[in-house]
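Below you'll find the structure, written out as structure tokens, and then a few comments.
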Amino acid sequence: MAAERGARRLLSTSSFWLYCLLLLGRRAPGAAAARSGSAPQSPGASIRTFTPFYFLVEPVDTLSVRGSSVILNCSAYSEPSPKIEWKKDGTFLNLVSDDRRQLLPDGSLFISNVVHSKHNKPDEGYYQCVATVESLGTIVSRTAKLTVAGLPRFTSQPEPSSVYAGNSAILNCEVNADLVPFVRWEQNRQPLLLDDRVIKLPSGTLVISNATEGDSGLYRCVVESGGPPKYSDEAELKVLPDPEVTSHLVFLKQPSPLVRVIGQDVVLPCVASGLPTPAIKWMKNEEALDTESSERLVLLSGGSLEISDVTEDDAGTYFCIADNGNETIEAQAELTVQAQPEFLKQPTNIYAHESMDIIFECEVTGKPTPTVKWVKNGDMVIPSDYFKIVKEHNLQVLGLVKSDEGFYQCIAENDVGNAQAGAQLIILEHDVAIPTLPPTSLTSATTDHLAPATTGPLPSAPRDVVASLVSTRFIKLTWRTPASDPHGDNLTYSVFYTKEGIARERVENTSRPGEMQVTIQNLMPATVYIFRVMAQNKHGSGESSAPLRVETQPEVQLPGPAPNIRAYAVSPTSITVMWETPLSGNGEIQNYKLYYMEKGTDKEQDVDVSSHSYTINGLKKYTEYSFRVVAYNKHGPGVSTQDVAVRTLSDVPSAAPQNLSLEVRNSKSIMIHWQPPAPATQNGQITGYKIRYRKASRKSDVTETLVSGTQLSQLIEGLDRGTEYNFRVAALTINGTGPATDWLSAETFESDLDETRVPEVPSSLHVRPLVTSIVVSWTPPENQNIVVRGYAIGYGIGSPHAQTIKVDYKQRYYTIENLDPSSHYVITLKAFNNVGEGIPLYESAVTRPHTDTSEVDLFVINAPYTPVPDPTPMMPPVGVQASILSHDTIRITWADNSLPKHQKITDSRYYTVRWKTNIPANTKYKNANATTLSYLVTGLKPNTLYEFSVMVTKGRRSSTWSMTAHGTTFELVPTSPPKDVTVVSKEGKPKTIIVNWQPPSEANGKITGYIIYYSTDVNAEIHDWVIEPVVGNRLTHQIQELTLDTPYYFKIQARNSKGMGPMSEAVQFRTPKADSSDKMPNDQASGSGGKGSRLPDLGSDYKPPMSGSNSPHGSPTSPLDSNMLLVIIVSVGVITIVVVVIIAVFCTRRTTSHQKKKRAACKSVNGSHKYKGNSKDVKPPDLWIHHERLELKPIDKSPDPNPIMTDTPIPRNSQDITPVDNSLDSNIHQRRNSYRESVRNTPSTDTMPASSSQTCCTDHQDPEGATSSSYLASSQEEDSGQSLPTAHVRPSHPLKSFAVPAIPPPGPPTYDPALPSTPLLSQQALNHHIHSVKTASIGTLGRSRPPMPVVVPSAPEVQETTRMLEDSESSYEPDELTKEMAHLEGLMKDLNAITTA
């Protein structure tokens, strides 16, 4: 207040000095203008300033007594000084001839010898101070109430009583409320001194606590209110000795409902008596009050509660509880806190022109809600067509005239008090521009064209003003441009209009320059209006057009609103609406239309009604609807009634609670969580939830418990160890219980976790180095029965003991920051509990160099645009925890420090939960919003580590993401079968086969073993199949003593700790024939022997295509096409050979004799050449050449896009290229390009017999390649419509092979003799840059063996192949190519020598 007064004084001082300077600079006219309130400046800019005019002191409510004197203070500030007058009860006081009331020099009102009697109360009433400054205006103060205390009248008097020593006693003395301050007590006719033990309540009642013998005597109360004192009856108080027996508790004084104003003090009386002596405590809204540590709450003598400086938060229900150990009684009372009116927004000063519309804004608050009225120059503003109250409190003045100038005040009033705030309105001449001020309250229709004017020609009057459209409530005017400006592109227009006979004119401006029409709205029907139009240019307003007189159309008499509309709910789905006949209307009401709409939607429905009531059925339960009625007569629909809202009755919930989840806490308790039913199915206020649970083994013995409607979780304790329980939850309303959830089961722990020893070693540790940080992730120890309190991460350069960080036991992920680039760090991880730290797990990592930008996270690059955060962002949630509930569900909980201590959300904030799997390459987050402090994340992958974080959003403010929490979902049975199942026969043992496979894609946990099923009947029941168990995570197994030349079918099933997964598809394998003595036991000359394949969906008559087919689809080639092809190939071959010969001759000359010797030695020993290239060289695929037809044929054309190991033929086109090794998936594209380049750039290779094609490599085979056959991994599923090219190995046939063997590994191989532990299928080459085609023979297992024939699945048998070859040979004369082929073989050798060099 002092700051406000200081500001006003500063403002008034500034105005005063400005006034003086202007006064000195002007002569008499200027002085006269100053006296009239204006402040003339330089010529042509006479803008008056606002004059400070306000109250320094305003009168306040006063209590007086008869015969005393009273001063009602009032002081106002203005230059010049204002004239002060007083009003009593709205009428000015004549203080000139009043000898008891006089005006003091500062403006205060002095009343001497207050008069007050039963029939004459001239001084009691409402007083108001009025300040006036001539030529400026008038302002009025707040209203103050003067109350005169009446004659003393006792409503209750003290009565004789007795009290046991140590107990409490009360003596009543209640008088009329205005005399309570004048009450005092006497004991034995002597004034009674009050202390902490003896107090007087605000009602006048005397309370004596812990009574003693000295309290005995005669008591009376005295009222001294200016006249002679008035005494009550005397009453004797006897203090009796303690009888040492118990007596019932009883209240001597109970609290009663009270109403107080903010800032006042309040005493809630409560006095109880009984033996033993009771103790008093207080509660508010079911929360105990701490009167010992609070400065505002004091427990008075006897137990009464005193609250000083009451605030709105103190409102509520208070409980007084008396307890003496044997008995407890309680009483309650409601405390209502009211607030005087306060201004949230005060009116502001306004400059305006005549005919404009303005709005004074005024926003107030208070309890009860204040009413607002407006005063202009001290007189009440009566709402009319031109003075309107808009938006409840704002004053709108339409069509300003000069007499509207003055001071306007907004006066707010409620039961507690009143307040006022004012502003000044100055109306300027039209040629004076409105100064630039803080945003003034001009309406949108009058805020245009207020730019300062410059000197220059003004436009003439607009021409041909006509009313082009006349309706009942609006008129549309059009006109032509002024004669002075025929184009008028830069002219704006103002239309002035008024009712005929009314001097107050209003104005409406055009919306843009050059517009020559305007529509005047909100007119009255059948009323004459006068219109005129003025044009404005940059110099100012021009001439006005001639007045135009227009009368609006008369309005058809339609029905008015139906009065007394009311609605009430009949049932949960029906509401009855009633109304009466409209009071106005021209003609008989024909019918009514009842409109109704669900609250919160915009879809309104209607029904025709002929009576005065209607019941609407089929509504939603416990839903609020709004209703209105429109009456119809012969002219049409009338005026609608106001909306009336009513809610249908409640009912039992129609749906069960949502998201029921169980969390096993320990061996004897389970925590239940749930969410309320969907809002549309609650059908009322949820009053509670009913939880029913039972043992899964005893379904008849059900236990039931009830919780409150706000509770969404419950801990069920006292359960049996290691027992499965079923739970279900149902919601309750006042109408009953709704449907329950499905039974959900959980099993208590067999025993609580052990903390008598340290945790075991974590089951895994992974590191991911970045430039200046390392991301560490881990999984907990496999033994989950030992308590883990947290994890200790140690790290340092060369040693893990430099730094140690401890994280929470729920965390599975941590980023070590502020590391040095290109440095070798050693990292250790240990689990710990209260006993100590467990065994460490070690890992090392080298941080990346500064120039490495390959680790830029995708989510940073692709992050959406984020707006600039608020200067005061919200605090992020804390204490984020992830509770694992199942294999696909995790509950996330958190706390919000910006909420009150009880963590109840009362505003519109919401939380965003995000999560992702803890795989560094996976940066895509999933998000969900929640309005509570927990969220149930579902649909997760089993046995997967996830990280979670939370942020809070309130309006436009958001927090940053919280600290992350981690959780690994529980395991689940495998949901996919083992893959890549292959079967091969064991070398030398035709009755033994080897089964190989790969783990399931969706193992959902650690694989603990496999089960191999095999049978000779694929359609047999699964329990009739032979079972071979495999323990651990081995991926190969051998089965012995099978029957020769018999087809077998194999299936594999994986298992983990949760159970068995699905079986793989059946794989067929035929054991070798016993009579194949001249071949290897797994000789593959037969169609299916020695090779496992998946069962093809082919008929029994299916045969593979002819090997002589060149057609892409296996169709035979006609002889004519073959001749044409032969001619083309021979022609191209001859041209190519000529070019190759020239190059060969040139290159041969550069070959050294040493290289020739080396090649010769390799030829003589191995029969083939070693290709010596760098690590980037890629071995080209083999080509088989049929000399008779000069045809290139691929060894294998597998449709499998990603074989593990396969022969790699040179493709006929770029689409046929197949990668060699699936262990290098990330480089598939690169390898494909390498293959293409290899095919294009390889000029030739050496020729050699097929029987010796592998001999050169036997001494340098890499271990994995040696133990597995590259030919076994060829495709196992062939499409029936696709040709199956074959590979033939016949030493007797003169086939030549383009073969460039792979580079040998640097060291000799070592092999594990244990067959089952050695996977037969190689997964990865030793060097990522070498894409060699492994050519180890089947079953060699690292031993050097002679080469053997190799075919792909479904290859034709040798006899059939030979027959086809012989057929093809008979089509052509071999002598035709003998000469050419001999020449070609010589060239091949030379080219092979060149490439080897």
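Cβ from N, Cα, C; glycine included.
Annotation comment: TrEMBL describes 1072-1081 (among others) as compositional bias 'Basic and acidic residues'.
Look at TrEMBL and you will find 1107-1117 (among others) tagged as compositional bias 'Polar residues'.
Annotation source TrEMBL lists compositional bias 'Basic and acidic residues' at 1174-1199 (among others).
Per TrEMBL, compositional bias 'Polar residues' is recorded for 1211-1227 (among others).
Look at TrEMBL and you will find 1240-1258 (among others) tagged as compositional bias 'Polar residues'.
The compositional bias 'Polar residues' feature in TrEMBL is assigned to 1266-1285 (among others).
The compositional bias 'Pro residues' feature in TrEMBL is assigned to 1302-1311.
Look at TrEMBL and you will find 461-555 (among others) tagged as domain 'Fibronectin type-III'.
Taken from TrEMBL, the feature domain 'Fibronectin type-III' covers 561-651 (among others).
Summarising the annotation, TrEMBL assigns domain 'Fibronectin type-III' to 656-751 (among others).
Look at TrEMBL and you will find 761-851 (among others) tagged as domain 'Fibronectin type-III'. According to DSSP, the domain 'Fibronectin type-III' (761-851) comprises 0 helix, 51 strand, 40 coil.
Within the model, the domain 'Fibronectin type-III' (876-972) shows a mean pLDDT value of 86, rounded to a whole number. Per TrEMBL, domain 'Fibronectin type-III' is recorded for 876-972 (among others).
Here TrEMBL flags 977-1074 (among others) as domain 'Fibronectin type-III'.
Annotation source TrEMBL lists region 'Disordered' at 1061-1117 (among others).
Residues or ranges marked as region 'Disordered' by TrEMBL: 1155-1318 (among others).
TrEMBL lists 1-33 with the feature signal peptide.
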**Selection from 461-555, 876-972, 977-1074, the stretch that has most Cβ pairs under 8 A to the domain 'Fibronectin type-III' (656-751)** = 876-972
**Prompt:** Are the domain 'Fibronectin type-III' (561-651) and the domain 'Fibronectin type-III' (761-851) close enough that 3 or more Cβ pairs fall under 8 Å, when only pairs 6 or more apart in sequence count?
**Reply:** no
**Request:** Could you tell me how many residues in the domain 'Fibronectin type-III' (977-1074) are helical, how many are strand and how many are coil under DSSP?
**Result:** 3 helix, 54 strand, 41 coil
